[in-house]
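Participant: Take this structure first; my questions come after.
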Amino acid sequence: MTTRLLQLTRPHYRLLSLPLQKPFNIKRQMSAANPSPFGNYLNTITKSLQQNLQTCFHFQAKEIDIIESPSQFYDLLKTKILNSQNRIFIASLYLGKSETELVDCISQALTKNPKLKVSFLLDGLRGTRELPSACSATLLSSLVAKYGSERVDCRLYKTPAYHGWKKVLVPKRFNEGLGLQHMKIYGFDNEVILSGANLSNDYFTNRQDRYYLFKSRNFSNYYFKLHQLISSFSYQIIKPMVDGSINIIWPDSNPTVEPTKNKRLFLREASQLLDGFLKSSKQSLPITAVGQFSTLVYPISQFTPLFPKYNDKSTEKRTILSLLSTITSNAISWTFTAGYFNILPDIKAKLLATPVAEANVITASPFANGFYQSKGVSSNLPGAYLYLSKKFLQDVCRYRQDHAITLREWQRGVVNKPNGWSYHAKGIWLSARDKNDANNWKPFITVIGSSNYTRRAYSLDLESNALIITRDEELRKKMKAELDNLLQYTKPVTLEDFQSDPERHVGTGVKIATSILGKKL
């Protein structure tokens, strides 16, 4: 193990030996002279974050953009790819097997710029499910065959739970239930997009998600280092022996043993490297001209499958719970959304306990669920999430919050029908009343990224998000416009709707299966 840890001199591990910088006083930066409930809350939350999560990046006005639609996201991806000079680094669950246009765009960029290097990180189970037919891995293999693994480094993460009898007996269609690489990071030189969207046609056309573009070299470097670290725990696609085939190996350069050979040792080595990354990054960057930075961004991630069971150093879950615990006044409103609504019980309890006057939960209508009218077992998933929505409403009543908390279903046509959309957005917004309009709530905090805030997100998958806290009025307007864009396709749902609408009836079998398999949803 000592020998492996000494290998940190390799380029993508040098981050672990960066000199620590003097912490920056976040409270001083964000404090306002005005002792309003909003100002007081900002002081409280920034103090809490400073104590518990000091990895922080500072942004000026216009350094964060919010993309509204799938088509805008796709156009931006292609533009950024073609304009990249030094690096492209992408982490996603999968690359759609028909996304030849995107692959051609990357190929064009590599041909145009000989200095450009591309790094891909996908999930190894989802990305190889269709083998030997076309899939994510075969598309990436074509790039490696053309440009070599020195310029195109394609990695496939496979959960360490995928070993032993599970590897042999669990069918391909269901092995994703063991755990996934679920991060969505799209980096181009000194910019990075954080999103919940994957790379396939529906995410580029009619599957609503969220997308934030961050323009910062330091922020981009952080996510590049994270990308490279998780890639070093993953398999690599190298040049195929025969044209049209695929060649996947565990590189000798990886700093850990292959998980299928020694799972316990793999977890020990991977967790030490992750812990080192989180500790080495746990300082604010030195900056000048404090007053010009009106926005703070905290990276938060969940790497539970790579940590020992009782020594999880992940930052997302504890940060979300801490954030919600600071809401002690009805001067703050919140909105929570997840397309797959299986909210972690701890988060649900925190939300229900907040003393809010107004709050919204947005989830997908059964007609906007990507599994609507799918084949096989997955056809029951919309019913499962419907059942979980009903249970949430029952909990709202139990907490006597039905006057304040509204469940809203998002629907835009019917998925898989002409002009029909599906819903995949996820996130949290905290809002304060507009100083010029007391009836108008405007966000000042949001969480953006890959997590659905489910039980599986905090136990089985790799997730990466960012918590944004801002006083920038222009950014707050953009955040409100983003939220309004989601809300315009929603309608409130009550327990009475479940009682009166026969289409909301969920069979006993689905209820039982949901209770048993809830951790996998």
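Using N, Cα and C of the backbone, Cβ positions are placed for all residues, glycine too.
For reference, Swiss-Prot lists these features for the protein:
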type: ACT_SITE; residues: His182; note: active site
type: ACT_SITE; residues: Lys184; note: active site
type: ACT_SITE; residues: Asp189; note: active site
type: BINDING; residues: Ala91, Ser92, Leu93, Tyr94, Leu95, Gly96, Lys97, Ser98; note: ATP binding site
type: DOMAIN; residues: 177-203; note: domain 'PLD phosphodiesterase 1'
type: DOMAIN; residues: 419-457; note: domain 'PLD phosphodiesterase 2'
Participant: Mind tallying the domain 'PLD phosphodiesterase 2' (419-457) by DSSP state, helix then strand then coil?
Facilitator: 0 helix, 25 strand, 14 coil
Participant: Let's check the environment of Gly96 (ATP binding site): how many other CB atoms sit within 10 Å of its CB?
Facilitator: 19
Participant: Among the recorded positions listed here, Lys97, His182, Lys184, whose Cβ has the fewest other Cβ atoms inside 10 Å?
Facilitator: Lys97
Participant: Lys184 (active site): which of the binding-site residues Ala91, Ser92, Leu93, Leu95, Gly96, Lys97 have a C-alpha within 10 angstroms of it?
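Facilitator: Checking each Cα against Lys184 (active site), the hits are Ala91, Ser92, Leu93.
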Participant: Which residue counts does DSSP give the domain 'PLD phosphodiesterase 1' (177-203) for helix, strand and coil?
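Facilitator: DSSP classes over the domain 'PLD phosphodiesterase 1' (177-203) add up to 5 helix, 11 strand, 11 coil.
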Participant: Report the same-chain neighbours of Ala91 (ATP binding site): residues 6+ apart in sequence with Cβ closer than 8 Å to its Cβ, ordered by sequence.
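Facilitator: Residues satisfying the criterion: Phe120, Leu121, Leu122, Gln181, Met183, Lys184, Ile185, Tyr186, His227, Ile230, Ser464.
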Participant: Does anything in the same chain, at least 6 positions from Leu93 (ATP binding site), have a Cβ under 8 Å from its Cβ, and if so what?
Facilitator: Leu122, Asp123, Arg126, Leu180, Gln181, His182, Lys184, Asn198
Participant: Out of Ser92, Ser98, which of these binding-site residues shows the lowest number of other CB atoms within 10 Å of its CB?
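Facilitator: Candidates: the binding-site residues Ser92, Ser98. Fewest Cβ atoms within 10 Å: Ser98.
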